[in-house]
Amino acid sequence: MSEKYVVTWDMFQMHARKLSERLLPASQWKGIIAVSRGGLFPAAVLARELGLRHIETVCIASYHDHNNQGELQVLHAAQVPNGGEGFIVVDDLVDTGNTARAIRQMYPNAKFVTVFAKPAGAELVDDYVIDIPQNTWIEQPWDLGLTFVPPLSRK
């Protein structure tokens with residue numbers, strides 16, 4: 001990845017709330033399926049904004065280190081009826097589409113949304129808020145901490 005896109009908590013909440021608005025009216029939804037781990041954060045915002053209390057998880061491991069995607073491993077799958085009909089599946093982003101394709105097979109009738117989308121996977125989700133170039137790594141706020149940054153003159 002040659003570029004980085006740093007997301008702050010404020011930015012993330014703003015984008016997740018925008019996604020929530022697009023999912024109104026809330027009465028059409030039975031619940032949320034959060035894709036662990038990145039989808040847990042937007043799921044919390046969606047649950048609050050839409051007044052939903054039924055939250056399930058699907059746990060898929062694909063990034064085995066910070067930069068490299070590996071073979072998908074389904075660690076846990078939410079058991080919901082009718083292929084996820086009436087459920088929102090949410091993840092933080094769709095990148096190559098590998099995880100999204102697996103999710104689509106598991107929950108073909110769910111509404112699949114993400115906060116961020118890269119070109120290779122964007123067509124696999126029903127809605128998203130922000131376009132991100134394919135060669136850009138997203139630094140999510142839950143992966144960051146506050147730290148001292150030395151002045152440029154000291155490098």
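Including glycine, each Cβ sits where the backbone N, Cα and C put it.
Quick look at what Swiss-Prot lists:
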BINDING   Arg37, Gly38, Asp91, Asp92, Leu93, Val94, Asp95, Thr96, Gly97, Asn98, Thr99  5-phospho-alpha-D-ribose 1-diphosphate binding site
BINDING   Asp92  Mg(2+) binding site
BINDING   Asp95, Ile138  xanthine binding site
BINDING   Asp95, Ile138  guanine binding site
BINDING   Asp95, Thr96, Gly97, Asn98, Thr99, Trp137, Ile138  GMP binding site
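Swiss-Prot feature annotations superimposed on the structure.
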residue : record                                              : Cβ contacts under 8 Å, 6 or more apart
Arg37   : 5-phospho-alpha-D-ribose 1-diphosphate binding site : none
Asp91   : 5-phospho-alpha-D-ribose 1-diphosphate binding site : Ala34, Val35, Gly38, Gly39, Pro42, Thr99, Ala100, Ile103, Phe112, Thr114
Asp92   : Mg(2+) binding site                                 : Gly38, Gly39, Phe41, Pro42, Thr114, Val115, Phe116, Ile138, Gln140
Leu93   : 5-phospho-alpha-D-ribose 1-diphosphate binding site : Gly38, Thr114, Val115, Phe116, Ala117, Lys118, Ile132, Ile138
Gly97   : 5-phospho-alpha-D-ribose 1-diphosphate binding site : Ala120, Gly121, Leu124
Give me the CA-CA distance between Asp95 (5-phospho-alpha-D-ribose 1-diphosphate binding site) and Trp137 (GMP binding site), in Å, as a whole number.
10
Please find, for Arg37, Gly38, Asp91, Asp92, Leu93, Val94, Asp95, Thr96, Gly97, Asn98, Thr99 as listed binding 5-phospho-alpha-D-ribose 1-diphosphate, the greatest distance between any two Cα atoms, in Å.
17
By a simple count of other Cβ atoms within 10 Å, which of Thr96, Asn98, Thr99, the binding-site residues in the record, is least packed?
Thr96
Cβ atoms near Asp95 (5-phospho-alpha-D-ribose 1-diphosphate binding site) (within 10 Å, other residues, all chains):
25
Work out the three-state DSSP category of Thr99 (5-phospho-alpha-D-ribose 1-diphosphate binding site).
helix
I'd like the Cβ neighbour count for Trp137 (GMP binding site), meaning other Cβ atoms within 10 Å of its Cβ, all protein chains included.
14
Please state how far apart, in Å and to a whole number, the two most distant Cα atoms are among Asp95, Thr96, Gly97, Asn98, Thr99, Trp137, Ile138, the recorded GMP-binding residues.
17
